[in-house]
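Peer 1: Below you'll find the structure I mean.
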DNA sequence: GTCATTGTAACA
DNA sequence: GTTACAATGACT
């Protein structure tokens with residue numbers, strides 16, 4: 001018998017092996033095996049059992065060992081792996097590594113990273129000789145001499161465009177030393193695992209909840225693939241609906257996966273789940289990235305053997321090897337934490353939907369602020385919508401007010417940081433001893449230029465993105481194409497003289513607050529002041545204890561935290577992130593606001609949200625033109641990290657590192673097809689072009705540009721509607737399709 | 001001609 | 001990822 005094996009040894013190719021007689025019985029598709037590669041034993045996964053090799057049989061070697069007596073991946077997980085491989089254009093190997101925990105792969109080398117450093121400084125003579133004889137080695141040596149720390153080997157190789165042979169030669173020469181570090185994830189003390197398990201009688205359902213439970217229950221009974229989007233306002237008892245659905249599945253003998261965005265941030269949910277299921281005698285596996293090797297192995301085997309039938313966990317729990325999967329719950333489906341930010345760059349929610357499809361299971365997505373793409377899928381009939389409009393505690397929804405800052409500017413004259421409405425609200429809160437949060441959604445970019453009177457933003461004539469103001473030389477630059485011009489003295493649109501750069505930092509807001517509330521205790525939280533980690537926690541606990549009246553900060557404030565005494569949330573400058581063509585950032589900001597405010601409010605009084613903007617009702621279509629496509633922006637993100645690229649340049653880089661022009665072209669065309677399929681529109685491919693970024697040999701590098709209609713500017717209005725659970729029709733027309741060709 | 005350096009392809 | 005080998009170039 002011959003099997004096809006994907007080795008986990010650093011390259012992506014299916015290799016064939018012979019199976020010796022005594023291993024026949026235990027080898028299956030999905031089995032982990034040890035195979036000889038270049039005469040060394042390596043771990044691999046059987047993708048094809050009983051196939052024909054494409055090389056002569058006499059060249060085949062034998063499988064050395066079958067590592068477990070059960071397959072590491074079930075057929076549906078194998079199918080999922082293959083889909084991810086194509087859909088996310090990730091190497092099969094990295095997909096498998098993401099799916100199978102290292103503890104299970106046992107014997108696989110612990111994840112190693114190789115670092116390089118200078119062993120001793122090169123003498124001047126030596127350097128001259130090197131430059132002449134081995135120029136590549138000289139480059140590496142010079143580069144290393146400039147570094148303060150050890151450099152990752154793989155990074156250096158791709159940065160300098162040299163091969164491993166060069167480094168090997170240097171090491172042999174004794175100039176460079178190579179150090180191997182084992183990357184060990186440090187498990188932090190988590191306060192929830194093991195700890196208190198909440199038990200209690202299940203609460204009674206209200207009529208709305210009952211209707212949703214029935215709706216989901218119907219899909220579960222049918223046993224066919226279905227996706228439900230549960231749109232329930234904050235505090236409407238979504239969790240209870242999830243619990244009932246899981247209970248139904250367990251009662252019928254099936255298994256369920258319950259995903260939460262970040263386990264560490266949702267300890268209550270986890271303990272509530274465990275309380276309910278374990279009281280009923282169902283072992284519940286908790287799965288997240290901070291587990292120790294042992295715990296991980298235990299959880300995995302419990303699920304694979306069918307001993308446990310429920311798993312609660314973050315992103316990667318979607319790969320749990322459960323038997324007879326009937327239900328996948330994705331709580332807070334809009335959360336960006338579901339996105340993996342290293343390869344394979346998958347989206348936990350989308351993988352959940354696809355896995356449910358493969359398994360013929362029900363997928364239940366839930367959120368108070370569903371993502372636009374999920375809503376689009378409801379509109380197109382792919383998902384079924386269930387709603388919960390009432391809070392279980394009968395508290396009212398937060399009141400969202402949008403302030404037109406252009407009017408404020410006219411009234412107050414000059415630079416306005418805080419509108420009068422916001423100031424009044426803050427003062428009232430201070431007098432009542434209640435707390436306020438001010439959001440500043442500043443991102444790490446320089447400012448754009450915006451007219452204080454009409455809200456005009458100067459755009460690049462070629463690229464239709466906001467130009468960036470550079471104070472040093474008084475110019476506007478386009479980060480996309482490099483177009484540059486002097487900054488105008490008056491507004492190009494309405495000729496008002498008061499066009500100025502905007503960069504509303506936390507400091508400026510702090511000053512403004514101090515002016516209107518001199519006696520308030522206030523604290524600022526941003527990346528500048530938060531260099532020390534414990535300070536972050538400190539401030540949060542002080543805030544919770546009521547020692548701070550006003551908290552000013554960026555998104556980091558909102559991280560899944562409850563502040564019961566906060567009754568006012570202000571978004572100081574809604575436009576700031578608007579000109580960054582990363583719609584996710586905008587959407588996220590507003591979702592945070594609604595959620596923080598949704599939990600706020602004392603007694604029966606609801607919290608309030610004030611959004612300050614210069615463009616309260618911007619034309620959605622106009623702004624949609626320069627919007628962004630998220631699915632593949634994942635790739636772009638990697639590029640940005642490496643090369644500090646502006647966010648809107650979608651340069652697919654990591655696929656093109658190779659130097660074979662045919663291969664590169666193939667990949668480029670592959671991407672174009674994927675993107676076109678997803679967008680349903682043509683995509684422009686430019687290339688091959690030399691890269692402007694690095695002095696790497698870049699004759700063959702393609703740039704793929706794609707723009708997709710997506711609401712950017714319309715968000716303030718949209719979020720207000722979202723909070724009221726209304727969805728304007730025109731918004732869905734300008735959505736992108738994030739969950740693209742899923743079905 | 002030899003030897004070192006470097007790039008490339010293959011790993012069954 | 002690692003290794004074997006082929007291509008290139010420097011030097012005697």
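Cβ atoms here come from the backbone N, Cα and C positions, even for glycine.
According to TrEMBL, the record shows the following:
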DOMAIN    A:219-388  domain 'Helicase ATP-binding'
BINDING   A:451, A:454, A:491, A:494  Zn(2+) 1 binding site
BINDING   A:460, A:463, A:478, A:481  Zn(2+) 2 binding site
DOMAIN    A:475-643  domain 'Helicase C-terminal'
Peer 1: Please report the three-state DSSP label of residue A:494 (Zn(2+) 1 binding site).
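Peer 2: SS state of residue A:494 (Zn(2+) 1 binding site) = coil.
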Peer 1: Suppose we draw a 10 Å sphere around the Cβ of residue A:454 (Zn(2+) 1 binding site). How many other Cβ atoms does it contain, all chains included?
Peer 2: 16
Peer 1: What residue among the binding-site residues A:451, A:494 has the most other CB atoms lying within 10 A of its CB?
Peer 2: A:451
Peer 1: Please state whether DSSP places residue A:451 (Zn(2+) 1 binding site) in a helix, a strand or coil.
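Peer 2: Note: residue A:451 (Zn(2+) 1 binding site) is in a strand by DSSP.
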Peer 1: For the domain 'Helicase ATP-binding' (A:219-388), what's the mean pLDDT in this predicted model?
Peer 2: 89
Peer 1: Within 10 Å of the Cβ of residue A:491 (Zn(2+) 1 binding site), how many other Cβ atoms can you find? Include all protein chains, please.
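Peer 2: Its Cβ shell of radius 10 Å holds 21 other Cβ atoms.
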